Amino acid sequence: MAEHLASIFGTEKDRVNCPFYFKIGACRHGDRCSRLHNRPTVSPTIVLANMYQRPDMITPGVDAQGQPIDPEKMQEHFEDFYEDIYEELSKFGEVETLNVCDNLADHMIGNVYVQFREEEQAVAAHNALQGRFYSGRPIIVEYSPVTDFREATCRQFEENSCNRGGYCNFMHVKQIGRELRRKLYGGRSRRSHGRSRSPSPRHRRGNRDRDDFRRERDGYRGGGDGYRGGGGGGGGDGYRGGDSYRGGGGGGRRGGGSRYDRYDDGGRRRHGSPPRRARSPVRESSEERRAKIEQWNREREEKP
């Protein structure tokens with residue numbers, strides 16, 4: 001009996017545990033799901049929920065003012081964000097995988113999955129990010145059950161053939177350019193899919209269970225097969241965090257518009273028109289940006 005339960009754990013045959021949360025670390029029903037979400041108390045992978053804010057959050061390809069956004073500027077905006085996150089998290093250890101979801105569903109939009117080489121590194125990052133802010137928004141950090149991203153990513157999206165668009169329940173991983181990849185990862189190969197660390201048979205079943213799981217996807221999207229609860233679910237409403245501005249200032253080193261707001265030395269937000277694509281070699285280094293952020297934090301904490 002125990003062997004049977006272990007063999008079906010995390011699959012559609014498991015009527016107790018949610019297979020979507022187990023494989024993807026997110027479920028559209030959230031806490032209202034009829035199956036259990038077994039949240040790990042420790043993991044080599046952390047998720048920063050809804051952290052990446054696309055410039056076209058309301059309508060794809062259009063900014064908040066209804067103006068079309070240059071795809072180059074959108075990619076530039078994303079790569080600025082990616083570089084910021086990678087450099088900050090690299091302080092805690094070697095980042096093996098950093099995936100940013102390009103999905104549009106509430107429970108997956110902007111999710112950032114970070115897998116470290118060692119579990120202790122993930123714990124250090126998890127603890128350090130508690131109560132911090134990024135770009136004026138609290139950071140929501142949790143341990144994620146995902147350790148093998150091959151089972152979590154959408155193959156059809158990678159082949160440009162996913163007909164579910166941004167509302168697919170598998171990860172649509174947004175890609176960075178080759179230049180930034182070489183800069184961040186150097187000669188080592190970026191393991192974008194991660195790796196399974198558990199010796200349990202449930203991690204060795206391979207593509208058979210993944211294909212069975214995918215065949216059940218349409219029933220899940222329709223709310224059938226034992227799933228209950230409304231859409232949306234998990235993640236964007238209940239922000240938690242500290243009282244002061246910490247770790248923020250990101251998301252807008254080169255871009256423009258409302259998403260690219262800067263913070264001056266007094267912590268006040270100032271708006272500017274979108275600058276042109278920066279091609280000048282004069283650009284702040286990561287150390288200079290971090291020094292400014294630390295200065296802002298100290299000044300805000302010293303204020304009565």
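First residue shown is number 1, and so on along the chain.
Placed from the backbone N, Cα and C atoms, the Cβ positions cover glycine too.
In Swiss-Prot, the zinc finger annotation falls on 148-175 of the listed ranges 120-147, 148-175. For the domain 'RRM' (44-146), residue counts in helix, strand and coil come to 33 helix, 26 strand, 44 coil, using DSSP. Using DSSP to sort the residues of the zinc finger (12-40) gives these counts of helix, strand and coil: 9 helix, 2 strand, 18 coil.
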